[in-house]
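Encoded as structure tokens, the structure appears first; notes follow it.
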């Protein structure tokens, strides 16, 4: 019996894995010599048992070590990632990406990690591509971007080559309607390791465990959030359409709360205000907002997410102050100016030309 098979049997017996077995299993999943059936059996058994915080933390540590290094360790201590797990099925707008733009336009550093769409029509990589933001991998190009724009993007498949050996099994499980630990791992393995994070979670049951995992990984300060919408839907963002269950980590670990639009001084909105479409459609929606139009509920939700990011970064002393700053950047011309600069920057630095 292989080591992975032995570990899988431990899971079937209902046992949590110790750190050594968990790390060995994570490593085995990346190896081409391990049969896909064995990998799938392990992931099925782990999900059936229920992933513990310690198991999630260990998996994250392994895949952080295996990631390509973007060589931005001097930037990471002051930078934030703003990201969602995805998988909520809400077909929402690219809220995290626009929030990242607002934060970068404010002068704070954003090291964003993401992928193309899996369950939505527009993932972060799709949306950024619509704005002309490239999926660069060369450290020099990434450094130029963070220095010029306070923003750079790490396209997950390019920075996590080890995932190539796991992708066929993940696709098979997805076709069967099954989740695995990899549905929650992506936001924990940003290759640049920023010290701050705002993480949207697809299920309320994962809000506190993922906050604990990020704390275990040594992040300085951040929040996890899941918005519970009427009708049983969830969104992996702050929104003004439901109750936002939050959990702090790092120096915010004492913050465990639930916020809604009314408690935050914002008008509640319906989910219809937060729906997204294709990347091109979502780009047009933001263009409309920048021209002074757009959906008021989406504007308030973008403002709320950026305010939370500003609070995490200690750029403001209160969420109310953060909302004022975010709204001014979004509607006062600063974000429009930043997007124009970003498009000009990527056009001028196109390595293909």
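Backbone N, Cα and C define each Cβ position, glycine as well.
Per TrEMBL, these features apply:
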- 84, 87-88, 94-97, 112-120, 124: 5-phospho-alpha-D-ribose 1-diphosphate binding site (BINDING)
- 84, 115: anthranilate 1 binding site (BINDING)
- 96, 237: Mg(2+) 1 binding site (BINDING)
- 170: anthranilate 2 binding site (BINDING)
- 236, 237: Mg(2+) 2 binding site (BINDING)
- 7-66: domain 'Glycosyl transferase family 3 N-terminal' (DOMAIN)
- 78-333: domain 'Glycosyl transferase family 3' (DOMAIN)
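Projection of TrEMBL feature records onto the structure.
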residue : record                                              : Cβ neighbours (10 Å)
84      : 5-phospho-alpha-D-ribose 1-diphosphate binding site : 26
94      : 5-phospho-alpha-D-ribose 1-diphosphate binding site : 30
96      : Mg(2+) 1 binding site                               : 28
97      : 5-phospho-alpha-D-ribose 1-diphosphate binding site : 27
114     : 5-phospho-alpha-D-ribose 1-diphosphate binding site : 27
115     : anthranilate 1 binding site                         : 18
170     : anthranilate 2 binding site                         : 20
236     : Mg(2+) 2 binding site                               : 26
237     : Mg(2+) 1 binding site                               : 29
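According to its DSSP assignment, residue 94 (5-phospho-alpha-D-ribose 1-diphosphate binding site) is coil.
In the three-state DSSP reading, residue 236 (Mg(2+) 2 binding site) counts as coil. Distance between Cα atoms for residue 97 (5-phospho-alpha-D-ribose 1-diphosphate binding site) and residue 115 (anthranilate 1 binding site): 11 Å, as a whole number. DSSP assigns residue 170 (anthranilate 2 binding site) to a helix. DSSP assigns residue 114 (5-phospho-alpha-D-ribose 1-diphosphate binding site) to a strand. According to DSSP, residue 84 (5-phospho-alpha-D-ribose 1-diphosphate binding site) is assigned to a strand segment. In this structure, the CA atom of residue 115 (anthranilate 1 binding site) is 12 Å away from the CA atom of residue 94 (5-phospho-alpha-D-ribose 1-diphosphate binding site). Each residue in the domain 'Glycosyl transferase family 3 N-terminal' (7-66) has a pLDDT score, and their mean in this model is 96.
Residue 114 (5-phospho-alpha-D-ribose 1-diphosphate binding site) has its Cα within 10 Å of the Cα of none of the binding-site residues 170, 236, 237.
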